[in-house]
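Working notes for the structure below.
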């Protein structure tokens, strides 16, 4: 008999509760609670749309910001329009995992989606800049829960051996949304209104709500063992959340403001780093003291597969985001592409990512081990980003297209596999917290590594412009104009120098991507080899069967 988990909505087949994830004793339970057919299609579609929306919201506003700042006269708030969303999402990711581990999964997911929709509505109706920023923060709070909840719903609805395919689908929607976000935002801003960047979330979110309300039936909990509401609230570790959130936000602010709003050596940036690190140390001590009741149980982060998966994702996502941000930059500045065309030029990476994630998930049920995919994927990412660093003004499409395909294949193999690997070693009740922890490391890694790349980009751009003989006020003018207008603020004879400087600075960022992808490869070597295949049961002779039945 499969052992019942006392937490509502989290009863998994017993095969997934074992360290190897391949016991056969839960086979009947798997068939009892497995989603199949039309319900499976509709639930996965709904979850995919939710991941798409959360990812879209992190990038769609980029091309709408100039119009927003003009309408609200809020140039000083530019940084907050994007960061309010990402700060809230990353800071609340771990507590979201605890919520899904302690309360009804279906209700929690729908509640988080409702919060996201409320934030989107406030943004769409915003009458001033503060209202827009508040709406973005509220949407980020909801997104933190939806990202975690989507993968948790897959975990309780689909047996482990089939799960990688659907995790790959969800992960690929993230990449697609990140790419088309700026293009879609630009189209809305140019042809309708920037408010449609947020209105679009409401009808699509409604589809997700309907699919889950009618077709997702969470496994029942054992009410005789259910903890009380008070004990569940105590288990959330509110103090841990209050320590973690400001620590993350201070570090985020330091990374965002460093080198732009304030010098890296300024008291503000140093103070933010010290404050964030100090709170981080206090948070770590509190987690150790709380033990298994901590927001991030120490036994979880110190588990070998969990530890190496988290840090591998931290660096892998850095390589992904550097490509996402700086490849379109290269297309627009060096190749003179419009935002829409740069999105089209990025399609080789996006499409190969989707194809790779789908094929990886489908083939994993035959191979059984996620490790080879992580090795190959991070290796391809390191090679591809290294090739990106060779770009010049004359690089033809015969090179930048296959280089992108290599990167897309690597990304598709890499990002979803740690979710599979950790679910082979985690207990069912730990899956929500483990999932949220992976996502927190992903988003935090993207921010940290992107900040490093941005600092290198700005430093190399200025030094290269200086080597071309540009005066200080001319360099300031070029930087203020932004990459899209860089050609238009200098005379024709100076354009080659500007393009050379931008090409040099952009390709230096890919050195960072190559390095962090290589680190991700090395860290992935530490992940345990655990097959998702069920172990074959030993054959039982007729005599043994008769004796056991007596």
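A Cβ is built for glycine as well, from the same backbone N, Cα and C atoms used for every other residue.
Cross-referencing 306-326, 474-494 with TrEMBL places the feature transmembrane segment at 306-326. Counting Cβ pairs under 8 Å that are 6 or more residues apart, the transmembrane segment (306-326) and the transmembrane segment (433-457) reach 3 or more and are in contact. Within the same chain, residues 86, 89-90, 93-94, 96-98, 100-101, 144, 147-148, 151-152, 155, 248, 252, 255-256, 258-259, 264, 295-297, 300-301, 306, 309-311, 313-322, 325-326, 415, 418-419, 422-423, 426, 505-506, 508-509, 511-513, 516 sit at least 6 positions outside the transmembrane segment (433-457) and bring their C-beta atoms closer than 8 Å to a C-beta of that stretch. Away from its own ends, the transmembrane segment (108-127) comes close to residues 9, 50, 53-54, 57, 96, 99-100, 134-146, 149-150, 152-153, 195-199, 201-202, 205, 208-209, 212-213 of its chain (Cβ-Cβ under 8 Å, at least six residues beyond either end). Contact between the transmembrane segment (165-184) and the transmembrane segment (40-66) holds: at least three of their C-beta pairs are under 8 Å, each pair 6 or more apart in sequence. Counting residues 6+ beyond its ends, the transmembrane segment (196-216) has Cβ neighbours under 8 Å at 35, 38-39, 42-43, 45-47, 49-50, 52-53, 56-57, 60-61, 64, 106, 109-110, 113-114, 116-117, 120-121, 123-124, 135, 139, 153, 157, 184-185, 188-189 in the same chain.
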